[in-house]
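Step one of this worksheet: look at the structure below.
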Amino acid sequence: MSRPRRRGRDIHGVLLLDKPQGMSSNDVLQKVKRIYNANRAGHTGALDPLATGMLPICLGEATKFSQYLLDSDKRYRVIARLGQRTDTSDADGQIVQERPVTFSAGQLASALETFRGDIEQIPSMYSALKYQGKKLYEYARLGIEVPREARPITVYELLFIRHEGNELELEVHCSKGTYIRTIIDDLGEKLGCGAHVIYLRRLTVSKYPVERMVTLEHLQALAAQAEQQGVPAAQLLDPLLMPMDSPASDYPVVNLPLTSSVYFKNGNPVRTSGAPLNGLVRVTEGEDGKFIGMGEIDDEGRVAPRRLVVEHPA
């Protein structure tokens, strides 16, 4: 007879984790979920095991709004090893080609310029995108290459930091769906020498403050401190969380009076003054502006519910 599944606590918010190198995004997600004893958790766009940096982890009801972070732009610092191409486009892969590094400063500047702005990118075979129901990296591990369509991305900023020997350091501000490994691999081919990522750090996601990032070690230390002091771990851990609606912070706010919000929370569109003409909105209620979900302005100018916060009993 199987034991009943243990239910975690109803904690809602977003933790800005500084992901360590060498761990998968799912591994750190599970560790954070256990530390917080959360009933639900999800991340908002995986980082490769080699990569470090900002990984927003949504807990509880915040998982409903994680999609808005998946759609947001991001900034990275990357160091490439020139002269070597790998099968994964990073240092975790096998070297498949070595060539001399002979380009000039002018050739580098010209090559970098081709990656700025709106461009098309063919994703790496070593990615989590799916083809006929299977992830691309599953095919790649079997030595199978499948067709991939080029996808539109935007590189808002591509900053040259340094070029020393066979290392090239860049900073990239880009749209959703951008693979930094692929940019480096494509750049290496354009320069005629090959390249792969040896260091990758995600600096920012959307408008989240960098100073609110915390490490796994810090979380574990706080949990241990709470146990030593005989206080609930939540007392030390929960203040680290960003609000559950922070993934949707770019959307305008519509505040409903309590007389209208009850209908909205029951799934009905409502009319209210001050709403935009169209698009998605963050919906709050009452004088304290409590977040109750995401809405969308319908054809009649009403605020129609799209994703609602489920209120759990205390």
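Glycine is no exception: its Cβ is also placed from the backbone N, Cα and C atoms.
Predicted, not measured: the structure shown is a model, and the values here were computed from it.
Residue environment of Y76 (substrate binding site) contains 22 other Cβ atoms, counted within 10 Å of its Cβ in all protein chains. Feature annotation from Swiss-Prot assigns substrate binding site to H43, Y76, Y179, L200; the stated evidence is sequence analysis.
According to Swiss-Prot, the feature active site, nucleophile maps to D48, an assignment based on sequence analysis. Classification of D48 (active site, nucleophile) by DSSP places it in coil, neither helical nor stranded.
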Cβ atoms near D48 (active site, nucleophile) (within 10 Å, other residues, all chains): 21
Cα-Cα distance maximum in Å, computed over every pair in H43, Y76, Y179, L200 that the record assigns to substrate: 18
Listed in sequence order, residues with CB under 8 A of L200 (substrate binding site) and six or more positions away: L47, D48, L50, A51, T52, G53, Y76, R77, V78, I79, D90, I180, R181
Same chain, 6+ residues apart, C-beta under 8 Å of the C-beta of Y179 (substrate binding site), given in sequence order: Q121, P123, S124, S127
DSSP three-state assignment (helix, strand or coil) for Y179 (substrate binding site): coil
